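Right, one structure below, let's go through it.
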Amino acid sequence: MSRRRDRIGPGLLGLVSPIVVLCIWELASRLGWTNPVLLPSPSQVIAALFALMASGAIVSPLAHTVGLFAVGYGLAVLIGTGIGIAMATSRTLYGLLEPLVEIVRPIPKPALVPVLFLFLGIGKATMITLVVLAAVFPVLISTFQGVRGLDPVLLETARTLQVSRARTIVSVILPASLPMVLAGMRVALGIGLVLVILAEMLAGEDGIGFRILDLERSFQIRDMFAWIVVLVALGGVLTKLFDIAERRLVPWRGRS
């Protein structure tokens, strides 16, 4: 019972500050302290959100954003994990790839958009590539550090038992380094979602990012805020799904 109370307590406490902010915002709007054209009240935003959902106009942009994110994030995880393991287990590959990683990693990825436009054009390929370039490095670095930090006894035992390299990676290296890999994936999750929205604003013809920018340009501020609420909800759902997956993959991390 006490454990359940400990879990519920912080969750309820975390709702206090958003509710207080929303109440102050609503009160300020009703008292005329804010410009309703530039900053609609929360009740107006909620009404616009329900109208958006009732019309079905939410489906296509949401599916577009989720699809781009899933492809870009999935590729970033696969590439980052693979390169991270390769660099951590091979001195030759580390020597070849480490300079390239350190050159590309600090570059702000939006600065590469003009280059991507030149080679890939304006479309989904550019948007997915932008997400991959931004999200791959947290996964790569966390995987590399996780594998490098493994107990050498594990690897020596696998060699002594003459376990093949591929099976060692799948049965020993990946499970042992999984907490660090997941830590990088969590960071990449947020970065990937941000870059999806940015990519849709810069090169998209649909999606949440495109809708937000298009509504801002046409000065439909209530609907713009409604889409921002959709984006916040999407981020929350993705984070919750990741938490569930993480608890199932590494259940011992949640034990006190």
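Including glycine, each Cβ sits where the backbone N, Cα and C put it.
Quick look at what TrEMBL annotates:
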type     : residues : note
TRANSMEM : 12-33    : transmembrane segment
TRANSMEM : 45-63    : transmembrane segment
DOMAIN   : 62-242   : domain 'ABC transmembrane type-1'
TRANSMEM : 70-91    : transmembrane segment
TRANSMEM : 111-141  : transmembrane segment
TRANSMEM : 187-204  : transmembrane segment
TRANSMEM : 224-245  : transmembrane segment
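By the count of Cβ pairs under 8 Å, the stretch nearest in packing to the transmembrane segment (70-91) among 12-33, 45-63, 111-141, 187-204 is 111-141. Only residues 6 or more beyond the boundaries of the transmembrane segment (45-63), in the same chain, are considered here, and those with a CB under 8 A from a CB of the stretch are 206-208, 210-211, 222-223, 225-227, 229-230, 234. Packing against the transmembrane segment (187-204) from elsewhere in the chain are residues 64-65, 68-69, 72-73, 76-77, 80, 109-110, 113, 117, 122-123, 126-127, 130-131, 134-136, 138-139, 142, 210, 212-213, 231, 234-235, 238-239, 242: each is 6 or more residues past its ends and has a CB under 8 Å from a CB in it.
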